[in-house]
Amino acid sequence: MASAAVVDAVCDRDFAGLIEFLRIGEFTIETSFGENSGRTLLHDACSNGDFEMAEFALNHGADVDARTNDGDTPLHVASTVDQVQVIQLLLKHGADIEARTNDGFTPLCGACLVEGNVDVIRVLLAQGAEIEARTNDGSTPLHCACRQGNSEVIRVLLPYRADINARINDGSTLLHCACRQGNFEVIRVLLAQGADIEARTNDGFTPLCGACIEGNVDVVRVLLAYGADKETKSVGHTPLHFASSMGQVQVVQLLLNHSADIKAKTDDGSTPLHCACRQGHFEVIRVLLAYGAEIDARANYGITPLLRASIRGNVDVIRFLLNRGASILTSAKDGVTPLYCAARQGHAEAVRLLLNRGADVEARTNSGHTALHSASNERVVQELADHGANVDARDGFGLTPLYHAAKDHRLGVLKKLLDRDADIEAQDRLRRTPLAFACHYGFVEAVRLFLDRGANMEARPIPGLTPLDLACRSGCVEVVQVLLNRGAVYERPIDEMTPLHYAAIQRHREVV
């Protein structure tokens with residue numbers, strides 16, 4: 001790296017001193033002028049617009065295409081600081097006009113990132129710079145200008161036949177980029193020059209869809225004014241679906257004022273109201289209902305907006321929908337109710353609200369499950385039980401809520417159910433007890449709990465297997481140890497099979 005004395009000489013423009021430093025070997029013309037940067041004297045001269053210093057460096061053998069650690073040549077540097085004279089000097093000395101940085105930027109691409117850099121751009125274009133040069137992400141000079149909102153630069157590039165619909169690697173056109181930036185002047189320039197307003201990215205998004213996601217109401221207004229299709233679908237969603245999902249209430253109102261289809265459905269059958277309820281966007285829901293959205297519209301599998309809101313547990317949304325007449329008794333095709341959804345997701349406040357508004361606590365799904373079968377935490381169990389839920393209700397397989405909690409490893413739910421006198425010795429169709437389930441599924445904490453509450457360790461379901469037999473078959477060492485420590489019998493042959501046989505057959509070495 002250049003010494004302090006050399007740096008001082010450069011700052012003082014002491015050419016004689018620099019020549020002496022070169023003569024005595026104090027530095028070379030390619031010495032770095034920044035720690036670990038790779039910037040040479042020529043790079044610094046170009047950055048400062050110092051024509052004489054740049055000429056000095058070139059006349060003393062500087063590499064006109066020397067690269068920094070980022071891959072910048074002196075021409076790249078000069079192109080981003082509006083130094084036309086220096087650029088002409090570099091080109092006269094043979095600078096590579098298509099040199100690329102590590103990110104794939106040519107000098108022209110870099111120049112287009114700078115607002116008002118039109119003189120430099122004209123010089124580069126006049127010298128043959130490639131108008132469609134691509135960076136590593138596929139950006140052309142026009143893309144670079146659009147990202148920065150440089151409408152003046154865009155107007156300079158377009159007469160050189162720059163492709164106005166060029167795409168970067170993700171399929172975004174110039175118009176996509178401009179809409180993301182929210183630059184109305186650039187958007188108008190592009191549309192006036194014939195940019196494809198319905199172009200799609202690789203993911204299928206049009207500029208209007210992107211603007212609706214971002215919530216830029218002014219951009220949406222411009223695109224609609226230029227005739228953007230408000231019903232076009234990207235990944236199955238219309239612009240109104242996107243705006244509703246993202247909670248962009250002003251965009252939603254604008255689209256509805258332009259007669260966007262409020263009943264449009266996604267591939268899964270969701271309306272914009274479903275989308276807003278899924279994400280809990282209260283104000284969007286209010287607007288959609290004010291514009292006539294169907295409150296009990298059904299998506300695929302019979303899902304209603306209230307079911308979506310119940311899954312999310314948004315109490316304000318649930319209350320608002322109920323106040324506006326949503327059916328609390330509605331169910332999906334599999335029989336799942338709003339109460340069941342809220343209970344399964346553990347939303348105790350939503351469960352309380354639904355119960356207080358008349359939800360059927362014993363309503364069953366097609367599989368015979370009640371909300372209590374799906375309860376995922378103690379608070380939900382408490383709410384359901386306080387409203388009369390049957391703690392020993394059986395589903396289509398004869399399983400009570402205790403079985404489901406044991407299978408799903410929900411210890412708190414088990415405790416709360418037992419506190420509410422759930423039958424610890426209940427038997428399903430195969431005469432399996434909740435303890436047998438806990439052993440089979442390796443839920444050691446539940447096994448301890450059941451035993452502490454007096455569960456029978458020697459209960460035998462239809463196949464004749466004890467909880468210890470089941471634990472050995474499933475291979476859970478901890479459960480086996482707990483049962484043995486509690487006095488489980490392991491030498492009573494059933495059909496000549498002991499727990500040891502079951503563990504060996506399943507190759508559970510640790511259990512053996």
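Using N, Cα and C of the backbone, Cβ positions are placed for all residues, glycine too.
All TrEMBL annotations are machine predictions without curation.
The repeat 'ANK' annotation in TrEMBL covers 37-69 (among others). Summarised by DSSP class, the composition of the repeat 'ANK' (37-69) is 17 helix, 0 strand, 16 coil.
Only residues 6 or more beyond the boundaries of the repeat 'ANK' (70-102), in the same chain, are considered here, and those with a CB under 8 A from a CB of the stretch are 38, 40, 42-43, 45-47, 49-51, 54-55, 58, 64, 108, 110-111, 113-114, 116-117, 119-120, 123-124, 127-130, 133. The feature repeat 'ANK' is assigned by TrEMBL to 70-102 (among others).
Taken together, the residues of the repeat 'ANK' (103-136) have an average pLDDT of 94. Look at TrEMBL and you will find 103-136 (among others) tagged as repeat 'ANK'.
A Cβ distance under 8 Å defines the sequence-distant neighbours of the repeat 'ANK' (137-169), meaning residues of its chain 6+ beyond its ends; these are 103-106, 108-118, 121-122, 125, 131, 177-178, 181, 183, 185-186, 189-190, 193-196, 199. Annotation comment: TrEMBL describes 137-169 (among others) as repeat 'ANK'.
DSSP labels the residues of the repeat 'ANK' (170-202) in these numbers: 17 helix, 0 strand, 16 coil. The feature repeat 'ANK' is assigned by TrEMBL to 170-202 (among others).
As annotated by TrEMBL, repeat 'ANK' applies to 235-267 (among others).
For 268-300 (among others), the entry in TrEMBL reads repeat 'ANK'.
When DSSP labels each residue, the repeat 'ANK' (301-333) comes out as 19 helix, 0 strand, 14 coil, counted as helix, strand and coil in that order. Annotated repeat 'ANK' per TrEMBL: 301-333 (among others), in sequence order.
The repeat 'ANK' annotation in TrEMBL covers 334-366 (among others). Among residues of the same chain six or more beyond the repeat 'ANK' (334-366), those with a C-beta under 8 A of the stretch's C-beta atoms are 301-302, 306-307, 309-315, 318-319, 322, 328, 372, 374-377, 379-380, 382-384, 387-390, 393, 395.
A Cβ distance under 8 Å defines the sequence-distant neighbours of the repeat 'ANK' (397-429), meaning residues of its chain 6+ beyond its ends; these are 367-370, 372-378, 381-382, 385, 391, 435, 437-438, 441, 443, 445-446, 449-450, 453-456, 459, 461. Per TrEMBL, the feature repeat 'ANK' maps to 397-429 (among others).
Taken from TrEMBL, the feature repeat 'ANK' applies to 430-462 (among others). Here the repeat 'ANK' (430-462) has Cβ contacts under 8 Å with residues 400, 402-403, 405-407, 409, 411, 414-415, 418, 424, 468, 470-471, 473-476, 478-479, 482-483, 486-489, 494 of the same chain, all six or more residues outside its ends.
Taken from TrEMBL, the feature repeat 'ANK' covers 463-488 (among others).
Residues 236-238, 240-241, 243-249, 252-253, 256, 262, 306, 308-309, 311-312, 314, 316-317, 320-321, 324-327, 330 of the same chain lie 6+ residues outside the repeat 'ANK' (268-300) yet bring a C-beta within less than 8 angstroms of a C-beta in it.
Counting same-chain residues at least six beyond the ends of the repeat 'ANK' (170-202), those with a Cβ under 8 angstroms from any Cβ of the stretch are 137-138, 142-143, 146-147, 149-151, 154-155, 158, 164, 208, 210-211, 214, 216, 218-219, 222-223, 226-229, 232, 234.
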